[in-house]
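Notes for the one structure printed next.
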Amino acid sequence: MNKEEYFIKQFSNSKFIGDDGAVVGSHVYSMDAFFENIHFKREWFSLKQIAYKAMIVNISDAIVMNAIPKYALLSVAIPSTYSTKELNQLSKGFKKAAKEFNIEIIGGDTISNNKLDISITIISKTKNPILRSSAKKDDLFCYTGTLGTCKKDLAKLFAGKKISKKSKFIKPKLNADFFYESSKYISSALDISDGLFFELQRVSKASNIGFEFFKQIHEDIGTSGEEYEILFSFNKKHLSKIEKIAKKHKVKLNIFAKAIKGKYETKSKNHHF
Ligand SMILES: Nc1ncnc2c1ncn2[C@@H]1O[C@H](COP(=O)(O)OP(=O)(O)OP(=O)(O)O)[C@@H](O)[C@H]1O
Ligand SMILES: Cc1ncc(C[n+]2csc(CCOP(=O)(O)O)c2C)c(N)n1
Ligand SMILES: [Mg+2]
């Protein structure tokens, strides 16, 4: 058990812990941190891009729970050297994402620090939450979009090279409309923040299943983090309905495995501890 797992375990007497968000009645509560030098370097992004991505990675957790995000609480640590122009750029990024997803920013906290650190709580509503723990044996496993570019772009940034401002690493693309419409056919879901292999380990643990892979997945695909694509499972009888919805929303589906009895563990390390 790594230090992250050990620490989270100290709170695991709460039945709400263990998914992308906590389902309490018809509400989902989720929070994610977006910290300077952990999630971004200041020179890689504009302030507007930082605030926007901080919101999007949080909204992603609500979407994969099949919840509609409604409210956000923003906790922001800001260097005291920032000018009012910079503060405006930052607030513009938060507001852009909030407007796009019809979210109201209802509060938060602001402190001064030597770096820019953002934590966001999202409050969402759902009638039918989709959990990580509800994948069933024989379900098909699928991820949306293309994986790998975020890892490549992160390596470029670390090497001092520039990347396109359209890169998913700068501006993740969420598949909300596809997912909400398909949700009645989906048995489990989570977003790909730490890389496909690591997320598969999470579903394996939560749903008590293993995987039979249809083809080998290259390391560069399976270990690309911060993709914010959706990893989900479904009973194969729903395949054509899901494919039709994906086509309508121009979402690429990669069906790559079947759930079997067993357990999946990845050798690749996640970046946390
Ligand atoms: N400090 C903490 N206190 C209480 N619960 C925590 C804490 N950190 C994480 N958890 C809970 O542990 C579970 C796993 O958290 P984790 O951050 O791995 O989720 P995630 O959203 O899938 O990951 P990511 O941060 O990559 O998006 C969640 O239910 C989360 O709410
Ligand atoms: C400066 C810097 N160093 C490393 C990375 C890579 N990185 C950070 S967090 C994360 C996974 C998701 O985060 P979390 O699990 O916290 O939601 C990844 C792949 C980065 N983006 N910036
Ligand atoms: Mg998550």
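Glycine residues also receive a Cβ, built from the backbone N, Cα and C atoms like all the rest.
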Same-site Mg(2+) 3 binder from Asp61, Asp138, Asp139, Asp153, given that TrEMBL records Asp20, Asp191: Asp61
Rounded to the nearest Å - Cα separation of Gly108 (ATP binding site) and Ser30 (Mg(2+) 4 binding site): 14
Close-lying binding-site residues around ligand 1 among Ser30, His39, Gly108, Ser193, where CB distance stays under 6 Å: Ser193
Residue pair Asp191 (Mg(2+) 3 binding site), His39 (substrate binding site) - Cα distance, angstrom, rounded: 16
Entries of Ser30, His39, Asp61, Asp109, Arg132, Ser193 (binding-site residues) sitting next to ligand 2, with Cβ under 6 Å as the cut-off: His39, Ser193
Conformational class of Arg132 (ATP binding site) under the three-state DSSP mapping: coil
